[in-house]
């Protein structure tokens, strides 16, 4: 019966949602026509009740009949002390600076980061409720953004709470300095008594550093036992923190663990648009799409690519078209995605595809408009984009040197006069060259 119910639910949600929200989901008991489900924590319980109530209701009714009901329970962690009161508001103070650009409003949500985003937002709205929150993911996926978004949200909405954002390296350095200066008590007072929300970035930096791990362990316990919120970020999940004390890893896992996955192409496009909005810049849609399609390893590089294009546009006073973007961003594209290509032979094939003229017509002496236009476009792109020599172009297109020079000039003059149709064809040819060069 249990497996039938789970299978019925699974057929009603997509694979991504199942992996994201139902990973800790199970049937705890079936008593008559009532099903009791269990999940890993309160956050998931409330999310499923809010977003998937009808799905669960229909599933249990299909298996047990129309009178079937259900409830969701969660495994609550028992703290070391009996203290369970909400956070007591303290004097208004931000103990460490935060980047004002790192807000929930500026964070673009997609399938790969939805769970982490909503978990962080809930922690910001209800400090101490999901404790600790452990966010992990690869470089440049938004961990620091979410971590500081929590801090910025709390500062704006709960100004009496004391927020501290630190990197693990900063925590280590503070500890070392306090020991050298004989001020260990002041260190412990700072991190254990004078903070309501502790945000720790890059905890993997402490791998192999047993002494500071011990200090972090006791700091964690004291804050948690006092109902203070702890949020930790890492580039890997807790159980993969090698050379970390087991007791500390278990503390990281006892709350809410959320993974950040690389954004899909549509999310990257949305992120790129948001970055443009923040920078108050503009780029053509085809350029933005090119960046999102090809700079896909992390968001820092995506931002770097956009900044480079905007700086070029500002310093030169020129608009950035697709051709220019491809040239400017060659260092941002993964080298293993670039394949060798015969420049002009493949160019002729692409021109034929874009214009509708056959390869034979392009290389013939035909003077019909389609063939003539295609031929001139091919020579222009070969000269200005592929940077081929006039001699090579003449040989490949079966034309004399003067004819090539004249053809390139005619296209250039036509573009200067604002021939939008011709420009569109050339942009399409260049775009196809880049897609082929970057495929695989």
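Every residue gets a Cβ built from N, Cα and C, even glycine.
As written in Swiss-Prot, here are the features:
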BINDING   140, 142, 143, 144  ATP binding site
REGION    1-69  region 'Domain I, interacts with DnaA modulators'
REGION    69-96  region 'Domain II'
REGION    97-313  region 'Domain III, AAA+ region'
REGION    314-440  region 'Domain IV, binds dsDNA'
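Taking a C-beta cut-off of under 8 angstroms and a sequence separation of 6 or more, residue 144 (ATP binding site) has the following same-chain neighbours: 102, 201, 233. For the binding-site residues 140, 142, the ranking by surrounding Cβ atoms (within 10 Å, all protein chains) places 142 first. In the three-state DSSP assignment, the secondary structure recorded for residue 144 (ATP binding site) is helix. Around residue 143 (ATP binding site), the same-chain residues at least 6 positions away in sequence with a Cβ under 8 Å from its Cβ are 135, 136, 137, 201, 233, 234, 235, 260. Neighbours of the ATP site: apart from 140, 142, 143, 144, residues of the same chain with C-beta atoms within 8 angstroms of the site's C-beta centroid are 137, 139, 141, 145, 146, 233, 260, 299, 300. Across the region 'Domain II' (69-96), mean pLDDT in this model comes to 55.
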